[in-house]
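Annotated features in Swiss-Prot:
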| type | residues | note |
| --- | --- | --- |
| MOD_RES | ALA2 | N-acetylalanine |
| CROSSLNK | LYS259 | SUMO cross-link |
| CROSSLNK | LYS259 | SUMO2 cross-link |
| CROSSLNK | LYS262 | SUMO2 cross-link |
| MOD_RES | SER308 | phosphoserine |
| COMPBIAS | 350-360 | compositional bias 'Pro residues' |
| MOD_RES | SER407 | phosphoserine |
| MOD_RES | SER409 | phosphoserine |
| MOD_RES | SER413 | phosphoserine |
| CROSSLNK | LYS433 | SUMO2 cross-link |
| CROSSLNK | LYS433 | SUMO cross-link |
Amino acid sequence: MADQFYLENIDEFVTDQNKIVTYKWLSYTLGVHVNQAKQMLYDYVERKRKENSGAQLHVTYLVSGSLIQNGHSCHKVAVVREDKLEAVKSKLAVTASVHVYSIQKAMLKDSGPLFNTDYDILKSNLQNCSKFSAIQCAAAVPRAPAESSSSEKLEQSDPPVSPEMQASDELTTNGHGPPVPKQSSQQPKGIMGMFASKAASKAQDANKETKTEAKEVMNSEKNNENLLLSGYWESMIVLFQAQCINKLKVNLDSEQEVKEEKKVEQPPLSVTEPKLAAPVDLKKSSKKAEPVRMQQKEKKRRKQMELSDDETKETENMKKKRRRIKLPESDSSEDEVIPDSPGAYEAESPSPPPPSPSPEPVLKTEPEPPPVKGSDGENKRKRKRVLKSKTFTDEEGCMVTEKVYESESCTDSEEELKMKTSSVHRPPAMAVKKEPKEERKGPKKGTAAMGKANRQVAITGFFQRK
């Protein structure tokens, strides 16, 4: 009955819980000896395969036996899958035992899951790990906690094992390894002993030299890296300093140029005025002091090259300050004829000024229609639209003149007077047209041309007011 109960437990672990059941895990879980756990697993596999030949069970076996390797006999213990069991048995010279190690539903690719299952169960039963084991040793007694702590300290204080010793330990298999060369306890005497000692000393010196050379190479590489880094930072610092110096030089040069421009802008005004005021006196003095004048001319030529930009700026500013005359678009409306009336007549509203300016302040009158006579044969007074100039200051503070059409009443006598005034106005108009040519000649004649233009505008305004 007990065996049947155990088999039911194993079936529940494998099929229902889908666990990997090893003989160690089963012995700790059920509290049975390891040999009994191995027998239980074997019985479960046999019964399950007899009942259902298509049952999905994967079994791993623990195989042990003697093996001859490199001419030496050794004892081998291996965990293999069921499909590789016969191949491993054939390699063994003598097969000592074959036991069921684990049962699981899935095929295992490696031994990792088996190790994890045994590791977890052993960790939980670490104090009683040999309770259900088949290996027993009466001399193996658990140590006291004080002794265990002292042994741990001694292990920490022991010097570490050299890698050469570790390599020699790894090469040994089951106590058999390559023969270790025995060191000669007695040194050879005479000449052979001298040569042997010299060879040993040379080998030691060679090892020391290789170590020192390796250290020197490492140190030289580090020094080179440090030198490269220091050189890089020094070059960067030099570049930043050069950039700062260039910026300071540019700022100083710009400040000096601004100062020179301010100094140079003042003398041209004072120099041009006396030239315009008294050109005859300058001609007389130039004849008397020709050698001195030649030197001054050379200096002036140099200055003129520098002041050309400033003078162009001044002329542009002067042009902006000149009066801007705006002429309205030509109106094609006919003159209106209005009969005489004793009361005062109302003037028509002026048309808006056009945007296109023109420098000609010439009065323009529309063509006069033939005089209209009344029924009594008397001439009637007629109104006429006349172009008149109006001056005002704009937002920038400049004087602006605009031409506006205004209606005026006129008779035959007034028409004759206006024809005369128009003949008087014509010569100033020609003078106004010549202004741009005079401006092109140079900045020296610009001020004189400005004065003439102002006088002509004033004269035309005076005649229009009459």
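One is the number of the first residue shown, and numbering goes on along the chain from there.
For all residues, glycine too, the Cβ spot is worked out from N, Cα and C.
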Ranked by how many other Cβ atoms lie within 10 Å of their Cβ, the modified residues SER308, SER407, SER409 are led by SER407
Measure from the CA atom of LYS259 (SUMO cross-link) to the CA atom of SER308 (phosphoserine) and give the result in Å, rounded to a whole number. 16
Rounded to a whole number, how many Å is the Cα of LYS259 (SUMO cross-link) away from the Cα of SER407 (phosphoserine)? 57
According to DSSP, does SER407 (phosphoserine) sit in a helix, a strand, or coil? strand
For a quick check of packing: other C-beta atoms within 10 Å of the C-beta of LYS259 (SUMO cross-link), how many? 10
